[in-house]
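Before any comments, here is the structure.
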């Protein structure tokens, strides 16, 4: 009887702990969203007239530019779609990562390399591994991402808004961006955890984790199945659900590639989003599966991370002093 009672108390304690964790996650989310909404409201009310004048001018400029581009392609929707959904994001990805690859190979400029997260790693990068990563990334883009755009194109045509001559408003794009981010977080977190199952990890995800200290181009260095399931599908789903304009798609795809490149780049640079969260995942494997971190907190897959120095460094760097210097790792104990 005593054992049953203890077991019941243990179960109730675990349930209470899960409820408290869920409540904490909801409070954090509400706090972030509430604070953001409050700041947004204050800014809009204080500078509404000024912003309106700027937006009216810039909105006219972008609308005119879009129409010129549309007529340049003679309204050929497939060509416009390829340009916006494939070419523009790819150019953004390779130009951005080209800068990091120069730093990884040459160790210069020091303005970048002094912000390395895992000190002593990729200093310099193994050029053979780098060539393999570039080759795999290109293959994934050409043979996986590009063919996946074909069914997406027909879904977007079915919606009927993607190639409209009228651009969406900036405010609507912000709404779409929020929805895209939420959908990507959910799909990426759970598909990422899926490929960490032992069988799938061994045959699929292990390839990505060959880089325990990642670099930017490694963001799409993955098995073809993983690239389709975890890298591409979570990013494509939002625009397909929303029936977004091709300009919104191009901006979102480019932003998603920039974000994942920063998360993998291996440098915690000033004024850019912190890459500590995902860098820690490559270091420890069983932590930090998501992008935003809310689902990791809810599922308890960030507990080790929260006890680490990396968690203290997980913020936007607003000075020129590397966080590896201001918040160094604790010295290892002597054997």
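Cβ coordinates are placed from backbone N, Cα and C, and glycine is handled just like the others.
It should be emphasised that the depicted structure is a prediction, and the values quoted were computed from it without experimental measurement.
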Annotated range (TrEMBL: transmembrane segment) out of 78-103, 104-129: 78-103
Where TrEMBL places transmembrane segment among the ranges 7-27, 28-48: 28-48
Helix, strand and coil residues within the domain 'Fatty acid hydroxylase' (179-301) as assigned by DSSP: 86 helix, 2 strand, 35 coil
Cβ contacts under 8 Å made by the transmembrane segment (170-190) with residues that lie 6+ beyond its boundaries: 55, 59, 230, 233-235, 237-239, 241-242, 244, 248, 251-252, 255-256, 289-292, 294-296
